[in-house]
């Protein structure tokens, strides 16, 4: 069955109704906006309607895998609400004004451009609710005073602000649910003409959308498998389900709350151990906060070619810019990057994993972003858009702020990654590269990250001819040569964020 569309025009008497419009808060636990909308319905004695609208302006940007995760999340939410979640397909403002003209709409605040405009069209009451630290608890007189670099932001927030405890799980038992046709969850085929790719056995995890699956993963990682105590040491892994938390897809859609995660970390620390690993998980939730607050501070600048540096005109000129994927942008280097055929194995392996599964490690994201923007000198927004299309854990703020910073367009430190050195550091045996670039499986270890160095005879013996079985390099670059004349340092450096693609809990 397909969901009812706006064109159906289901007019159910023009009586007053309080609506909670779900967007990126697909959960009942610790949901400030939902809590406030239920309270508003109680106070005004009006029927309550939980509503989710599949907006083509958003779904058209998503891959089939990302849409599948969204559909699963909405289905789980509907089940948790005893099938009382109303579902529509179309423009949210048009649907609400047409079907529920006498309504008071509440929703979670989403201050980026498209979401902000949608809120204005609805004249809705907005509620903050997707961050670890609440907006009103930040130690700045206004966000204009917020540092544009993470470390001073973190230092001030950790010293002067506290994390609020999670709110109670919401229930509809205290309100009367608005009587209307609730519609149904649409089929994937009605949202995209692209086929859903088969599940790849190399996937790090079988991600299933929804609050239920998200809460289960939090419990599994922290308590059942007892993995949190070693998180700091494993977080830069590349293969398998448990080198990192994998919470990010559920956090991105609001299926789990960052404050819930923090509360479970605190619970674990009291019952088991408090160490650098437990702190680091909270640290990365704070990085996620930083990205959102940075986006709120700089608004549409994070979508501009020159970012927050301001060399490009803003305002009306912004609306005339045509981004790569919107106009069928074609460039051999960018296309090679997108398809995982740059000739640089570590880049190619990561891009192939993304394309096949919708996921990529943080280490991979840092490298492929740096490679596209700083090595290939391509418009970084092409990469941000491709991530938006593919990533199961796509989050407007983390994605666009991280790409803008990785490209050096925020005025902070530019952290250019050497993709050969990174491969040697984080995939020393070449296991990850061989997993995703099987044509390199018989290449000797000394050439696995630089296969172009092989002689013709070596290529034949490895069954990997450059330019035939594996691509030529899209660009020749300085080859990494380890320093042998640098004295070893005994003194440990204090850990700090070094810039580049922001790690926001993967």
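Quick reminder: no glycine exception, Cβ is built from N, Cα and C everywhere.
What you see is a predicted model, and the numbers here were worked out from it, not measured in a lab.
Database features, via TrEMBL:
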{"type": "BINDING", "residues": "231, 244, 245, 246, 247, 248, 393, 394, 395", "note": "FAD binding site"}
{"type": "DOMAIN", "residues": "16-143", "note": "domain 'Photolyase/cryptochrome alpha/beta'"}
{"type": "REGION", "residues": "481-506", "note": "region 'Disordered'"}
{"type": "SITE", "residues": "323", "note": "site 'Electron transfer via tryptophanyl radical'"}
{"type": "SITE", "residues": "380", "note": "site 'Electron transfer via tryptophanyl radical'"}
{"type": "SITE", "residues": "403", "note": "site 'Electron transfer via tryptophanyl radical'"}
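Everything TrEMBL records as a feature, shown here on the structure.
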residue: 231; record: FAD binding site; contacts (Cβ under 8 Å, 6+ apart): 244, 245, 277, 278, 280, 281
residue: 380; record: site 'Electron transfer via tryptophanyl radical'; contacts (Cβ under 8 Å, 6+ apart): 305, 369, 372, 373, 403, 404, 406, 407, 409
residue: 393; record: FAD binding site; contacts (Cβ under 8 Å, 6+ apart): 248, 249, 251, 252, 359, 506
Is residue 403 (site 'Electron transfer via tryptophanyl radical') helix, strand or coil when read with DSSP? helix
For the recorded positions listed here (247, 403), which one has the lowest count of neighbouring CB atoms within 10 Å of its own CB? 247
DSSP on residue 231 (FAD binding site), three-state: which is it? helix
In whole Å, could you give the widest CA to CA gap in the FAD site formed by 231, 244, 245, 246, 247, 248, 393, 394, 395? 22
So residue 245 (FAD binding site), by the Cβ count within 10 Å over all chains shown, scores 23
Mean pLDDT over the domain 'Photolyase/cryptochrome alpha/beta' (16-143): what is the value? 94
The correct DSSP tally for the domain 'Photolyase/cryptochrome alpha/beta' (16-143) reads 56 helix, 26 strand, 46 coil
